[in-house]
Amino acid sequence: MPPFNLTSLTPATFILAGIPGMEKLHIWISIPFCSIYLAALLGNGMLLFIIRTEHSLHQPMYLFLSMLAIADLMLSTTTVPKMLALFWFRAGEISFDACLTQMFFLHFSFSAESVILLAMAFDRFVAICYPLQHAAVLTQSAVVKTGLVALLRSFCIIFPCIFLLKRLPFCGHNVIPHTYCEHMGIARLACGNISINVLYGLAVPFAAIVVDVVLIAVSYVLILLALFRLPSRTARHKAFNTCGSHICVILLFYIPAFFTVLTHRFGREIPHHIHILLANLYVLFPPLLNPMVYGVRTQQIKEKVMKVFICPKSRLLQE
């Protein structure tokens, strides 16, 4: 009898279990999750519409902001619809290829968003430290190339994960105790050696994100030094306001991400359902809050929103 080839054992489907221990609450949990997702779609869609239709907003900062909105929409749309189907219809079954696709776009959008936040930090650095060179350095061509770099880097970092998972043998374990597919969640179901997956999944993407964070921190140290050198307090306040929204978005993006990763790796005493809830909130809250932060703190966007949505209503009431 020929030996059994373990490498051919690729499961046809996986089963997403949802939030372990909270299965009876899935319907109730789905209500705020669905509301947040719809609000995120509305907010980011409105942001893209405003930037697309208002020529005065075709500047590097707002073009980067539109990229951020697209990455947010990808991050949430990759995970939330399947999550809601699981909560509402118990449709936890997902094919192996669909699971890998969801995993790829989840990590891809996270990596791309990190590069975009770095590009936005560089934009603020040039605008404040070298204002006369800003228009020459950050042209529309440079912004487009930055977007392509974000896509290329994210693809090169995340695409190998697909092959690292496809090489693994699976021996019948196909239940993922999560609401969506992610790299290590799939790898842990394998019956082979996953040390390469652990090493790559932790070292390469994490190192890339840490590099982004360090470069963003360096940019803001230089920005703060430049602000302190400004002679006028009003000028310092105005310059700092241009960075305030970006700082809020950076904190909203990186703090939950690092907290989720660190608790997942080292928080063995934290209940598993807390890990899953944190991971779910991470793909929901940044896409929800980013357009709110920029809508509230950025005067130009606030004015355009009022112009598009408030002024027509006022004219109708007057007629």
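Using the three backbone atoms N, Cα and C, a Cβ is placed for every residue, glycine included.
Note: TrEMBL annotation is automatic and uncurated.
Positions annotated as domain 'G-protein coupled receptors family 1 profile' by TrEMBL: 43-294.
TrEMBL lists 27-50 (among others) with the feature transmembrane segment.
Counting same-chain residues at least six beyond the ends of the transmembrane segment (62-84), those with a Cβ under 8 angstroms from any Cβ of the stretch are 16, 30, 33-34, 37, 40-41, 44-45, 47-48, 51-52, 91, 94, 102, 105-106, 108-110, 112-113, 116-117, 119-120, 123, 140, 143, 146-147, 150, 179-180, 249, 280, 283-284, 286-287, 290-291, 294, 300-301. According to TrEMBL, the feature transmembrane segment maps to 62-84 (among others).
Long-range contacts of the transmembrane segment (104-122) within the same chain, counting only residues at least 6 positions beyond its ends with a Cβ under 8 Å from a Cβ of the stretch, are 61, 64-65, 67-68, 71-72, 74-75, 78-79, 143, 146-147, 149-151, 153-155, 157-159, 161-162, 180-183, 205, 208-209, 212, 215-216, 219-220, 246, 249-250, 253, 257, 283, 286. Look at TrEMBL and you will find 104-122 (among others) tagged as transmembrane segment.
The transmembrane segment annotation in TrEMBL covers 142-165 (among others).
Residues or ranges marked as transmembrane segment by TrEMBL: 202-227 (among others). The list of residues near the transmembrane segment (202-227) in space but at least 6 beyond its ends in sequence, with Cβ under 8 angstroms from a Cβ of it, reads 107, 111, 114-115, 117-118, 121-122, 124-125, 128-129, 153, 157-158, 160, 236, 239-240, 243, 247, 250, 254, 257, 261, 265.
Taken from TrEMBL, the feature transmembrane segment covers 239-262 (among others).
Summarising the annotation, TrEMBL assigns transmembrane segment to 274-296 (among others). Long-range Cβ contacts of the transmembrane segment (274-296) within its own chain (Cβ-Cβ under 8 Å, at least 6 residues beyond either end) map to 18-20, 33, 36-37, 39-40, 43-44, 46-47, 65, 68-69, 72-73, 75-76, 78-80, 83, 106, 113, 177-180, 182, 245, 248-249, 252-253, 256-257, 259-260, 263-264, 267, 302, 305.
Panel annotation: around the transmembrane segment (27-50), residues 19, 57, 65-66, 69-70, 72-73, 76-77, 80, 83-84, 87-88, 280, 284-285, 287-288, 290-292, 294-295, 301, 304-305, 308 of the same chain, lying at least six beyond its termini, place a Cβ under 8 Å from a Cβ of the stretch. The average per-residue pLDDT of the prediction over the domain 'G-protein coupled receptors family 1 profile' (43-294) is 90, rounded to a whole number. Remote same-chain residues near the transmembrane segment (239-262) are listed as 68, 110, 113-114, 117, 120-121, 124, 127-128, 206, 209, 213, 216, 220, 223, 227, 230, 275, 278-279, 281-282, 285-286, 289-290, 293-294, 297-298 (criterion: CB distance under 8 Å, separation of at least six residues from the stretch ends). Packing against the transmembrane segment (142-165) from elsewhere in the chain are residues 60, 63-64, 67, 100, 103-104, 107-109, 111-112, 115-116, 119, 183, 186-187, 190, 196-197, 200-201, 204-205, 208: each is 6 or more residues past its ends and has a CB under 8 Å from a CB in it.
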